[in-house]
Structure formats: C-alpha cells, structure tokens
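Per TrEMBL, the features are:
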- 23-289: domain 'NADH:quinone oxidoreductase/Mrp antiporter transmembrane' (DOMAIN)
- 59-80: transmembrane segment (TRANSMEM)
- 96-115: transmembrane segment (TRANSMEM)
- 152-171: transmembrane segment (TRANSMEM)
- 178-197: transmembrane segment (TRANSMEM)
- 203-222: transmembrane segment (TRANSMEM)
- 234-255: transmembrane segment (TRANSMEM)
- 275-298: transmembrane segment (TRANSMEM)
- 290-342: domain 'NADH dehydrogenase subunit 2 C-terminal' (DOMAIN)
- 319-338: transmembrane segment (TRANSMEM)
Amino acid sequence: MTPQAKLVFTASLLLGTTITISSNHWITAWAGLEINTLAILPLISKSHHPRAIEAATKYFLVQAAASALVLFSSMTNAWYTGQWDITQLTHPTSCLVLTSAIAMKLGLAPFHFWFPEVLQGSPLITGLLLSTVMKFPPITLLFMTSQSLNHALLTYMAILSTALGGWMGLNQTQVRKILAFSSISHLGWMAIIISYAPKLTLLNFYLYALMTTTVFLTLNSIKTLKLSTLMTTWTKTPALSAMLLLTLLSLAGLPPLTGFLPKWLIIQELTKQDMITAAIMISILSLLSLFFYLRLAYCATITLPPHTTNHMKQWRTNSPINAIIAILAVSSIMLLPISPMIPPAL
C-alpha cells in the first residue's frame, strides 16, 4: 500500500471519528460511523492474504448490519417523538434496538463472535486501531444515550462479556486472539457501569486504550504473533519483555498497577448502587482473564525456549527501546497514585 493511500485512509479514520463524537444529530453520527468502516477495510485487507480478505468481509457485514440498526432505531425514535437529537432517545423500542446495535459495533457478547476472527486476520497495527480507535465512536454514542438505554440488558450483556472473554481466551495460542478476548472482557466492565457513572466508562476506556496500545506496539516491535515465538523474545530484548510483563499484569488489573484503578472505582460505584451481586460476579469472572494474562506474561519473560523449538533463537540486539513505547509503558504501570484526584471529577 502506498504512503498516499495510507494517509487518505488514516485521515478518513480521524474524520469519521471526529464527526461521530462531535455530532448531535443521528444522521451525522451514522455518517461518521460509515466513513470509519469504509476507511478501515483497506487497512485490514492490505496483505491480500485469504484470511485478511475473510476478516475484512466479516467486518464489513457486521458493521453494515449494526449501522442499519442504528439508523432504524433513530428513525423509529424520530417517527414517534419528532426528535433527531442523540440525547433525546426516549422510545423504548429505539432504546432496545440501539443497545443491541452498539453492542454489535463494539463486540459485546453475545455479538462478539466476529471480533476475534477479524483481529486474527489483521496486521498488528490495524488490530490496534480496531481495538482502540474504532471503539471510541460507539462508546461515545453509549455515553450520550446512557440515561435512555436498557439498564438490565446492559448488565446481562456486561456479565456475559466478562465471562466469555475470559473463558474463550483460556486455550488460545494466537496472541491477537488473546488480545481480542481481553478486549471483550474489558468491554463488559465498561458496559456494566455506563448507566450509573458514564464518566467512569470513559476513564476505563482511556486507560484500556493506553495499556492495549503499549502491548500492541511492543508485540509489533518484537514481531510476535504466537505464544511459541513469544517464548524466544527474552534473549532478544530483555527490557522490552520486562515492560510487556508489567503492562500485561496492569491489563489484568492487579493492585499496584494502573489497570487496578478503573476496576476499583467501578466496584466501588456498583456497591453504592446496591448492585453487590453484579460486582461480585464480574470480579470473580475477571479472574478467568487474569489466567491468560499470566500465561502471556509467563511466556514472555519466565519461559526459556526448549532446545527442540522450531523457532530460531534470536540474538540480543542493541537497538534502543522506542521512546513512545517507553512512555506508554510507564503510564500503563504507574498511574495508580493519581487516583485521589479522580473521584471529585466524576
């Protein structure tokens, strides 16, 4: 793909995202989502590998169906109430359809089946865009309509997402699929709190995007796609592998690290809302995803490859760690001390 084409598609991604997050009218929000979808498709299929073409086709079909549902829900609401404003979504059927449509756009369970397959067929940098930038417009729509959405449905979908995201990631050997199930699990945490503290959902998304960006850029730097090749990277870049270990533990939400912050605040808010059962369930289910994060971390740093490995052992290189990865990694690990500043802002 030529640099000019990449520039056009990246600019279109930024344009689509900006249109959706800054719009008040349903039609402009829908148009932004469509621009985003059309801009990411060439980036998914640029390798022309059959798996990449399959991923692009699946992504297009799912996103087209979800966009049609967004349009249907907004038109139904406009038909009954005369309102095209995003924040004025009041008709019950529209709220239900919109909840399902945004869940499909994000990859929330039970509409999650497309996401691991699409991520597996995409290059790492495109996978990073799919996991972070492409989820921002739907999260913004959820934020703006949070008071109108079906709370019970969102809670059930959130718990199901956390359960399936943890469960289905347990036996994976492909790193991109593990990160896809990690994303589904994190989306469960965001969806459960959106009706009660929408700003907490945004905080969770920002920190998740920060940690996921670190992991994807690190994996791209060491050219790793499978657990078996991840085992051979310790000899090549020990410092980068150590940073990957800490970032993965942060993604898992272990206490002294940044990833613990959103989980702590969400559990606190759920108990304030008398949703103690939901808080206990989602906390226990997140232990499932902790297992595969630990497995990734173990493969990256603790396991030395056996002598019978099919992968060539890498020489240690003297190339310095990318400054962007270093800054992101430090932020992914050490932001917990800022937590006293957060509750007054929420």
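Glycine too: its Cβ is placed from the backbone N, Cα and C atoms.
Within the same chain, residues 207, 210-211, 213-214, 217-218, 221, 237, 239-240, 243, 246-247, 250-251, 255-261 sit at least 6 positions outside the transmembrane segment (319-338) and bring their C-beta atoms closer than 8 Å to a C-beta of that stretch. Each of 59-80, 96-115, 178-197, 203-222, 234-255 was scored by its Cβ pairs under 8 Å to the transmembrane segment (152-171), and the highest score goes to 178-197. Counting Cβ pairs closer than 8 Å and at least 6 residues apart in sequence, the transmembrane segment (178-197) and the transmembrane segment (59-80) reach fewer than three and form no contact. Counting Cβ pairs closer than 8 Å to the transmembrane segment (234-255), the top stretch among 59-80, 96-115, 203-222, 275-298 is 203-222. Here the transmembrane segment (96-115) has Cβ contacts under 8 Å with residues 33, 58-59, 62-63, 65-67, 69-70, 72-74, 76, 89, 130, 135, 138-139, 141-142, 145, 148-150, 153-154, 157-158, 160-161, 163-165, 180, 183-184, 187-188, 191 of the same chain, all six or more residues outside its ends.
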